[in-house]
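Colleague: Pulled these features from TrEMBL for this protein:
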| type | residues | note |
| --- | --- | --- |
| TRANSMEM | 23-47 | transmembrane segment |
| DOMAIN | 39-288 | domain 'G-protein coupled receptors family 1 profile' |
| TRANSMEM | 59-80 | transmembrane segment |
| TRANSMEM | 100-118 | transmembrane segment |
| TRANSMEM | 138-160 | transmembrane segment |
| TRANSMEM | 195-223 | transmembrane segment |
| TRANSMEM | 235-258 | transmembrane segment |
| TRANSMEM | 270-290 | transmembrane segment |
Amino acid sequence: MGSHTNVTEFILTAFKSHPGSQFFLSVLFSTMYIVTVVGNACMILIIRMDSKLHTPMYFFLKNLSILDICYSSVITPKAALAFSLGRRIISYNGCASQMFFFSLFGTTEAFFLAVMAYDRFTAICNPLLYQIIMNKRLCVFMVAGSYLSGCINCTIQTGFTFSLSFCGRKEINHFFCDVPAVMHTSCSDTLVNEIVMLAVCGSIIVGTALVVFISYVYIIITIVQMPSAESRHRAFSTCSSHMLAVSLFFGTVFFMYAQPGATSSPDKSNTISILYTVVIPMLNPFIYTLRNKEVKGSLKKQLKRKGF
């Protein structure tokens with residue numbers, strides 16, 4: 001990589017034009033990161049401690065919480081320090097590493113959400129075969145496959161991006177080393193890279209979103225055909241939290257990566273990026289807890305055991 005550039009570091013300049021907001025952004029990012037870690041760690045502990053939650057759905061949810069902690073940790077602490085201390089410099093290798101792990105965890109999350117949609121499809125549309133189909137071996141395979149897919153994508157994205165030349169401009173108009181923002185800094189022709197990013201990221205986003213969409217079409221058809229209102233409500237309640245999480249994630253990510261000209265509006269992308277890098281990982285444990293009777297019941301039981 002070193003032969004393609006004489007730049008050894010970059011400067012992250014997002015929100016620098018608003019000096020009065022730096023302290024506020026630092027406190028906001030730090031608070032949201034703490035809430036993210038604590039909320040997802042509590043979700044992991046609740047699922048591990050309650051044997052009733054040792055089912056495929058909660059196995060995926062536990063892995064999603066682990067992933068969200070990792071996902072947020074790649075971006076948020078560095079950004080919070082940059083806002084509070086003004087240390088906006090990131091090394092060339094540090095930028096490449098941040099991009100690699102961000103792409104890894106972000107892509108893996110998209111596959112996780114698709115896997116969780118398939119799990120709900122199997123549970124509602126094939127309830128008698130659910131335990132046979134969603135066996136432990138398949139669940140582990142799906143999680144491993146999601147990480148492998150993320151690893152392939154992040155290798156492609158990081159490799160293509162850092163094969164570009166960076167020969168003067170060191171300023172990245174973002175709060176982390178995102179692919180479009182770093183490409184925008186390059187002095188090379190980025191057309192091929194943008195086509196590759198659109199093709200690879202677009203196919204992943206559209207492909208996983210299609211799995212989710214098709215799964216929920218069948219789920220909704222099955223729920224509508226259920227004989228009683230109680231059974232329909234019970235079935236819908238197991239899917240509503242996942243549907244909300246999916247809508248938030250795919251809505252923001254599709255806006256960022258699966259459309260032409262993703263590098264053309266850095267100011268807009270900075271704001272949108274806060275949603276899927278900081279806000280969504282923080283909200284996920286609350287979405288799955290507040291809208292899930294089993295998790296709320298387990299939480300109350302654990303609190304009673306501790307004397308609360």
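Cβ atoms are placed via backbone N, Cα and C, with glycine included.
Where the annotation comes from TrEMBL, it is an automatic prediction and has not been curated.
Here the structure is a predicted model, which means the values were calculated and not measured.
Can you tell me where each of these features sits in the structure?
Modeller: Panel annotation: around the transmembrane segment (23-47), residues 15, 53-54, 58-59, 61-62, 65-66, 68-69, 72-73, 76-77, 79-81, 83-84, 278-279, 281-282, 284-286, 288-289, 295, 298-299, 302 of the same chain, lying at least six beyond its termini, place a Cβ under 8 Å from a Cβ of the stretch.
Counting same-chain residues at least six beyond the ends of the transmembrane segment (138-160), those with a Cβ under 8 angstroms from any Cβ of the stretch are 56, 59-60, 63, 96, 99-108, 111-112, 115, 179, 193, 196-197, 200-201, 204.
Counting residues 6+ beyond its ends, the transmembrane segment (195-223) has Cβ neighbours under 8 Å at 107, 110-111, 113-114, 117-118, 120-121, 124-125, 149, 153, 156-157, 160, 179-180, 183, 232, 235-236, 239, 243, 246, 250, 253-254, 257-260, 262 in the same chain.
Nonlocal intrachain contacts for the transmembrane segment (270-290), taken as residues 6+ away from its ends with a CB within less than 8 angstroms of a stretch CB, comprise 14-15, 29, 32-33, 35-36, 39-40, 42-43, 61, 64-65, 68-69, 71-72, 75-76, 79, 102, 106, 173-176, 178, 241-242, 244-245, 248-249, 252-253, 255-256, 296, 299.
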